[in-house]
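Trainee: Right, I'll just put the structure down here and ask away after.
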Amino acid sequence: MPATTGLRIVLAEDSVLLREGLIGLMARFGHRVVAAVSEADSLRDAVQTHDPDVVVTDVRMPPGFRDEGLRVAVELRRIRPGLPILVLSQYVETVYATELLNVGDGTSLGYLLKDRIGQVEEFLDALNRVVRGDTIVDPEVVRQMLRRRRNPLGPLTAREREVLALVAEGRSNAAIAAGLVVTEAAIAKHIRSIFHKLDLPQAEENHRRVLAVLTFLRA
Amino acid sequence: MWQALGRPGFLCSGWLLRSVGYLTVSGLTGLLTLVVALLLLSVGGLLAVVVVGIPLLGAIALLGLPVAGIERWSLRMIDARPVPDAHRTPPRPGPASWLRTRFTEPVTWRELGYAALLMLVLWPIDLLAVILGLTVPLALLATPLLLATVGEGQQVNVLKAYPVTSWPAAFATCAAGLVALVACAYGLGLLAGSRGALARFLIVSPVSPLGDRITELTRSRLRLVDAFEAERGRIERDLHDGAQQRLVALTMMLGMARLDAPAGPLAEQLTRAHDEAERALVELRELIRGIHPPVLTDYGLDAALVDLAARSAIPVDVHLALPQRFSRPIESTVYFVVSEVLSNMAKHSGADHGEIFGGYSHGRLVVTICDNGRGGADVGAGTGLLGLGDRVSVVDGRLSLSSPLGGPTQIVVEISCQPLPGSE
């Protein structure tokens, strides 16, 4: 897919070093950070003022240095359903990602560990996909989710769980097939089976993928 | 009070006024108590036939509470030592719990005893002492003044009893008044002091010095653990906001540099540096989580324990019903005990499956961790179980272990506590 350029971005990150770095990184790929704030409250105002294409925010920020960034992200999605938001976090704990993706229909949302910023091109790709409506969860967080044993994803086979985890990471069928060394057709078959077993309503393929990811997250 | 009586400046210090104030308040309280008690007794007695009077009679038993309340306040006038309220805090809100607590604690009955003594015996003494102690010396002192107003030769009746007609007699009376004033001042001070001691004896519950010391030690131990927790939280914050952010920025810069580097040895070195930085980031994240998991602060025990179990080397099923939040020492105690038990399980038990159960009911937080291993865990065998038990006991909890040879092992943590308000 062609890379989107010229995105208007509102960035919230309290570390100056990281904030400036991210602004430079976005600019290099032809995007524009229209507002860079260092506080959760200012994030709310900046989104109101600039109406950006996508919001990129840190989780832990002033004033309380707890999860203010995430809370404002959730709140923004309530006020503006569909606003693409990419949350950058230091926390692998699944509850943070679940908190974000549970609001609304779960599309156009991403939860990535800050480690991923270093893989510059993949990071920018994730940003583009969030803007296009995908749901993306950090592979490390997905791994942590797979190991949870509170309510196992009952009827899915081990292979289907594996495929679903990769879907949750935001990978395309082709990428999943390459990763598991099988044909794309085989992956498509697994995914149809997952949709069926999770009893997802008939809908457009992309939306069903999001629903499957949400089921996975809420398990 | 006693020291003040012994000092030469007693008369000019504020202590005389304080004594008078204290005795007046006590006297008036006693009088008022008597009136209220008689009222309750008569109205309650009359209405007892139609049942509504019985609570009124019951209320007499609680008369000691307001009396002691006033006493605690007024005692501060003459006694610099603290007058602690010996009543317990009712375990639950609501009048039923309050009444049950008050009727079952000894200090309520001691206070009732003090109230009875005050309204039947003490108040007339207090008021009489104040009235006589002030009026007699003043009347004597005022004799020359009175004589001056009526003129020499006329008769002035001192204290309505002794006729005085001449100046020398008047000044002699005045001098006697001065002596009487000093005597009365000391008398009032003595009386207030003894009355205060009596009141303190009755309404302040006697605690043995050893008991005091144990309470203080228990509290300081809890404070120590709390401070320790706060310190861990601070270190976690410093690492998160400092080193971790810098490392993220570093990996980002290395990532950018790799984009620009021409293929060759430089690009390879950059890739290696980038990989190292990423590994350092992962290790630092693990380290931070070990110091103080942010998820515990942000979301509480339920989410934190689910995550802990998901990281365990052995598959662990989690069954929790803990939406409540608890105080920081309690949450972190439970978290670290479970964390320690899970890592023990992975190291020593030989189990291939574990389970965590947790819930809160009837004022008790109970978390159970079991495995299907070979058992034989011993508190004394250096497994750290003793230390875990100590840790739990700091927050008034108990850790019990059942681990017969051949298994299974079950560890139960029980803590009596209240959830934080608004978290249920």
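Glycine too: its Cβ is placed from the backbone N, Cα and C atoms.
What TrEMBL says about a protein is an automatic prediction, not a curated fact.
Features from TrEMBL:
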type: DOMAIN; residues: A:8-129; note: domain 'Response regulatory'
type: MOD_RES; residues: A:D58; note: 4-aspartylphosphate
type: DOMAIN; residues: A:149-219; note: domain 'HTH luxR-type'
Trainee: Sequence gap of 6 or more, C-beta under 8 Å: which same-chain residues meet both conditions with respect to A:D58 (4-aspartylphosphate)?
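Mentor: Long-range Cβ contacts: A:A12, A:E13, A:D14, A:S15, A:L18, A:G69, A:V87, A:L88, A:S89.
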Trainee: Which value does the mean pLDDT take for the domain 'HTH luxR-type' (A:149-219) in this predicted structure?
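Mentor: Average per-residue pLDDT within the domain 'HTH luxR-type' (A:149-219): 79.
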Trainee: What are the DSSP helix/strand/coil residue counts across the domain 'Response regulatory' (A:8-129)?
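Mentor: So the domain 'Response regulatory' (A:8-129) is made up of 59 helix, 26 strand, 37 coil.
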